[in-house]
């Protein structure tokens, strides 16, 4: 149980460099492992999820060293991975699980993947079924972990994705590297494109058509290791962007944040709501980045539908919090994907926000929130539901009340941002 900091008298102030991007850290390990030569990742995210990826590839015979936030991967090539005598433990990481399923699908050995209780409830058929169209052989446990992947020779496909998911897309891209001919994937909606950008940097042949949703991947037996600095994680920065927007008298600067256009959904929503955000972009090759300065502002309500959801899926708990202080009624729909995250995030947000007296109504695929209603704490003991993003959004919500609050499961933040509460303290 953690006692949360409550309403600061002077707002939030200062500069902060948020930890490295989780999506890029995962993919850096994976692409480095199957490349030839050495890959060096600076500002790597040392969260539990990313360390699960690192450990899994060590178990597959890839030499990897870590010195703080610098990771060196000695690539073994696309066909140099070795079978593991024990199951690979994915921990809580859905990204590790789904992407590695695609990579292992074309290898020459059998691997079993296991995970913790939370990960073992998350859907895996969304990956195993499209991979099966390429000739992959994998067995799930009623659509969940444990999953056993028996490597096969894969063939190219022309496949339309059934869910807007960067994880599913990335699994198919990694499988397509090992197919007999180029594979074409068609997304329902554009999703984060880190895999495409990074694969190009490592020497892969991948093209995205002008429509933004048609992707062609050529088989690529030889990738080349790279050195890269991982930009700050926009999904982690989003918590402080929200806090500074809502706590009166705040002004903060977040340094070197990744500004990939597939990840700036919350930034655009904040601007639409009347947020006070300025961006100073930095010249860079590969992933765009820059500094964000955020000041407190009076916010307007917003309506968000399914077309906007993929760009802001991880930040939706924060959108709900912004809406809870906006001067009107906001509606978020098309977000049923939240129900199959680390916890049912729709249910968790509604349950915990109601403890703070927030006027929120649960929908099957989202929420309706009236930000005009004053908050009144009805239960001072909040619960993170073993979900890092719920734990962090409640840590921010506590800054908007004066009643002392307790948080159960605060250590869940280690999944993506172990230093979250320490970094928040720096700004108070």
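Glycine too: its Cβ is placed from the backbone N, Cα and C atoms.
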Same-site 3-phosphoshikimate binder from 142, 314, 365, 370, given that TrEMBL records 22, 23, 27, 165, 167, 341: 314
Taking the Cα of residue 389 (phosphoenolpyruvate binding site) as the centre, which of the binding-site residues listed as 23, 27, 165, 314 lie within 10 Å of it? 314
Here's one to test understanding: among the binding-site residues 23, 27, 341, whose C-alpha is closest in space to the C-alpha of residue 94 (phosphoenolpyruvate binding site)? 341
Residue 23 (3-phosphoshikimate binding site) versus residue 167 (phosphoenolpyruvate binding site) - Cα distance in angstrom: 10
For residue 345 (phosphoenolpyruvate binding site), just count the other CB atoms lying within 10 A of its CB, please. 24
